[in-house]
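Working notes for the structure below.
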Amino acid sequence: MGAGNGETPKPTQISISKDQFLAWKRQKDAELLAKQAEAARKRQEDIASGRVPMNGRELFLHEPWVFDDTHH
């Protein structure tokens, strides 16, 4: 029996209601959004301090004059 003789153990199944699942999903989505917002905030701080180089999009947003091809 068990993993000793080559059998794979069956996962335990727990029944949950649709409301329980939706509450769990909202919590996970909120955690993901908070994590992404924190990462974006840290990236902005790092760019502002010069610790990391900007990609093309960030350069365009922060210093659009670099992309100005008009000759006055």
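Every residue gets a Cβ built from N, Cα and C, even glycine.
A quick note: this is a predicted structure, and the numbers were derived from the prediction, not measured.
Per TrEMBL, the features are:
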- 12-69: domain 'ZC3H15/TMA46 family C-terminal' (DOMAIN)
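The average pLDDT computed for the domain 'ZC3H15/TMA46 family C-terminal' (12-69) is 91. Per-class residue totals from DSSP over the domain 'ZC3H15/TMA46 family C-terminal' (12-69), listed helix then strand then coil: 43 helix, 0 strand, 15 coil.
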